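Q: Sharing a structure below in structure tokens format, with a few things to ask.
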Amino acid sequence: MDKRSVRDLELRGKKVLVRVDFNVPVKGGEVTDDTRIRRALPTIRYLLQRGARVALISHLGRPKGEPDPRYRMDPVARRLEELLGEPVRKLDTATGPEVGRALEELERGVILLENSRFYPGETKNDPAFAAELAGPFDLYVNDAFGAAHRAHATTVGVAERLPAAAGFLLEQELDYLDGVLRSPERPFVAILGGAKVSDKLGVIESLLGVADRLLVGGAMCFTFLKARGLGVGASLVEDDYLGEARRLMEGAADRLVLPVDVVVAERMEEGARTRTVPVEEIPEGWMGLDIGPRTVELFRRHILQARTIFWNGPMGVFEIDAFARGTEGVARAVAESGATSVVGGGDSVAAVRKLGLEDRMSHISTGGGASLEYVEGRELPGVAVLPEREEV
């Protein structure tokens, strides 16, 4: 990574604002998945070990630019304190004199500021709000890859006002994605799932420019199958994108691999009657909700030959057990492959976790949307704003 790193900063005695991604699920006042908190710990510990005074800021959920008790950071503070093994002082604000006072009083541990999205200036990247956030600090570190595709005050505005650098997690995310996109060990197999071709058109184009094989599952495969002239029953199809799908298939030839069989049902619900049929025989009124066993085997063969794998998106309606087997089959194959594997997107990551395969993946991305935009070749505002290393 060519950006200035936290390693390049003189930290002793400095007040450092760290943008973390603590947008974690909370139920009944408890954090139910602390992965994102754990992934931020190396940067936090590094800063503390080098004598910095550290305050952390994150968004949580989607509050509408004003305080909402459901999205307070208190449960996150409690879990962070347990994981870090140091005191975490949670403030009920992100700005104002209280922040400066807390930094002056800080002897051990870290400060966690209140939810950045309690302020309307956050999502607008309001200059006055960014200046207020930056005021008490000497340095800024961005370790929130999952929010790097947002041009918000805590990802861009503050970085424009303070000497800024990337944290270890942001570095790691970019290094893995750069490795996949710029110098993959071959064969390079990309796997894409999810519902809509329209959401991933740029990603598909980008991956077809570098991957040896692109395996397409999830509901988006039905737009491709219909574009090939097949009947797809009541399956989800984006008719406006049939022309694009045809163009992509013609350009990719045999590098774009589609399902050969699918699991269909009359309704998308637990307990619905299901059938497994070849893609040429999807019944009228039935919808495809997962890839079938022959497709799992076909995808598996390609995956086991790979030396580099990028996987984003489920192969079916993963939340319903009857339509989860395709995603689980792909997860097991990726784990078995021994390839350098980068996995992103909520359902792909959930499948890996459910099967206990996290340790078998090279890198599990904390940012589904950010990783897709990066793969697509789009600039991530939270990364672009950081100075290049040679500028230091």
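Heads up, the Cβ atoms here are built off N, Cα and C, so glycines get one too.
Pulled from Swiss-Prot, these are the listed features:
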type	residues	note
BINDING	Asp21, Phe22, Asn23, Arg36, His59, Leu60, Gly61, Arg62, Arg117, Arg150	substrate binding site
BINDING	Lys200, Gly288, Glu319, Gly345, Gly346, Asp347, Ser348	ATP binding site
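Looking at the shown structure, can you explain where the listed features end up?
A: Its Cβ taken as reference, Arg117 (substrate binding site) is surrounded by 24 other Cβ atoms within 10 Å in the chains shown.
Sequence-distant contacts (6 or more apart, same chain, Cβ under 8 Å) of Gly346 (ATP binding site) comprise Gly368.
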Q: Return the single residue from the binding-site residues list (Asn23, Ser348) that has the minimum number of other CB atoms within 10 Å.
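A: Among the binding-site residues Asn23, Ser348, the sparsest Cβ neighbourhood within 10 Å belongs to Asn23.
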Q: If you measure from the Cα of Asp21 (substrate binding site), which of the binding-site residues Gly288, Glu319, Asp347 is the nearest?
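A: Nearest listed residue in space: Asp347.
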Q: Where the distance is taken from Cα to Cα, which of the binding-site residues Asn23, His59, Arg117 turns out closest to Ser348 (ATP binding site)?
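A: Looking at Cα distances from Ser348 (ATP binding site), the smallest one goes to Asn23.
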Q: Please report the Cα separation of Gly288 (ATP binding site) and His59 (substrate binding site) in Å, rounded to an integer.
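A: One finds 36 Å between the Cα atoms of these residues.
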Q: Can you tell me how many other Cβ atoms are located within 10 Å of the Cβ belonging to Asp347 (ATP binding site)?
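A: Other Cβ atoms within 10 Å of Asp347 (ATP binding site): 21.
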